[in-house]
Amino acid sequence: MTWTTALTAWSWHPAPIAAMLAFGLWYALRVRKLRRAGGTWPASRIVWCYSGLGSYALVTVTSIGAYQNVLFSVRAIQVVTLLMITPQFLAHALPARLARDTATPATRARCSRILHSAAMRAVTHPLIGVLVLLGVPIALYGSGWYEAGLRSHWTSELTQAALLIAGAHYFWTRLQRDPVPKLYPHVVSVGLTFAEVALDVIVPIALLMSGSLVAADYYLALNGAGGLPPDTDQTTGAAVLWGLGDLALVPFLILSMQQLRRRDKEHAAEIDAQLDQYQRAEQRRQNPTATAAETAGTAAELPATMRPWWEDDPNVAAHFRWTQQKPPQDG
């Protein structure tokens, strides 16, 4: 593949084009419906949506789509994009929330029952998402699935759909910004993302160290039509799977850590508010005639004889080891 063919070769397959146009049109119409009803929808989500569709078009309609059956490395770019980049962009567009906010009350109630069912909670467990994200590439490159996609157009289309569904499942349940069956702590998401960065090297390392070609008969029959020897092409593709896969997870990891930090701040603010509430209640108990302005003081304004509430609460005191020893009694 030369620079000229990279810029001029296009793949006009109807299925990806129709899917892209249908989703883009649906999203635009739903946003317009929501805004006409008086709702708001940030422009950033619209940008995420069409950036995701743009990444999908990049690997299915351009020269990447045209050469996906010629070069192993080009198909590797498509695999990573459809599994980890396009679904991540679309997840930030919050399509499920948009559908919910523009649905009729009856449809919303029916979908809510399905969403919060036991089956949905089971299939959206974080560990299921991790297994799917790691398992799909292993199954693709470790079986005859990959070569079947090279030899059959419809198998190739179904493979692309499977990659998109696996990625959408993962990022939808892990971002937790769209409606989900159950919310999990962000610390779980951060920990699992670190694990995925470490484990997604399984397929690239296997390709680099196997000493054999994936779909060898198919690629050898092309006689170097793509301009690279098959072994060099596979090595390049393994590097793409490794490097691009890790890079695709970096923004998600950063976002997960930001969400974790934001949640910690919110939790700290909630605790401060509870402490203030207990403090005012204790002041009112000690001085029932005090006005609201007088009870709004700080802990430093409490009488010296007044003990903070947490020293008298046995659960809190034991947890923080603040229980003080009682003074000895006379006699």
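Each residue, glycine too, has its Cβ placed from N, Cα and C.
Predicted, not measured: the structure shown is a model, and the values here were computed from it.
Residues of the same chain lying 6 or more positions beyond the ends of the transmembrane segment (12-29) and with a Cβ under 8 Å from any Cβ of it are 46, 49-50, 53, 56-57, 60-61, 65, 93, 95, 98, 153, 157, 160. According to TrEMBL, the feature transmembrane segment maps to 12-29 (among others).
Look at TrEMBL and you will find 50-70 (among others) tagged as transmembrane segment.
Sequence-distant contacts of the transmembrane segment (76-98) (same chain, six or more residues past either end, CB-CB distance under 8 Å): 27, 30-31, 34, 41, 45-46, 48-49, 51-53, 55-56, 58-60, 64-65, 68, 133, 136-137, 140, 160, 163-164, 166-168, 170-172, 175, 177-179, 236-238, 240-241, 244-245, 248-249, 251-252. The transmembrane segment annotation in TrEMBL covers 76-98 (among others).
Residues or ranges marked as transmembrane segment in TrEMBL: 119-142 (among others).
Per TrEMBL, the feature transmembrane segment maps to 154-172 (among others).
The transmembrane segment annotation in TrEMBL covers 193-216 (among others).
Taken from TrEMBL, the feature transmembrane segment covers 236-255 (among others).
Taken from TrEMBL, the feature region 'Disordered' applies to 279-315.
Feature annotation from TrEMBL assigns compositional bias 'Low complexity' to 288-305.
The transmembrane segment (193-216) is not in contact with the transmembrane segment (50-70), judged by fewer than 3 CB-CB distances under 8 Å for residue pairs 6 or more apart in sequence. Residues 13, 15-16, 56, 60, 68-69, 78-79, 82-84, 86-88, 90-91, 96, 124, 129-130, 132-133, 136, 140, 145, 148, 178, 180, 252 of the same chain sit 6 or more residues outside the transmembrane segment (154-172) yet have a Cβ under 8 Å from a Cβ within it.
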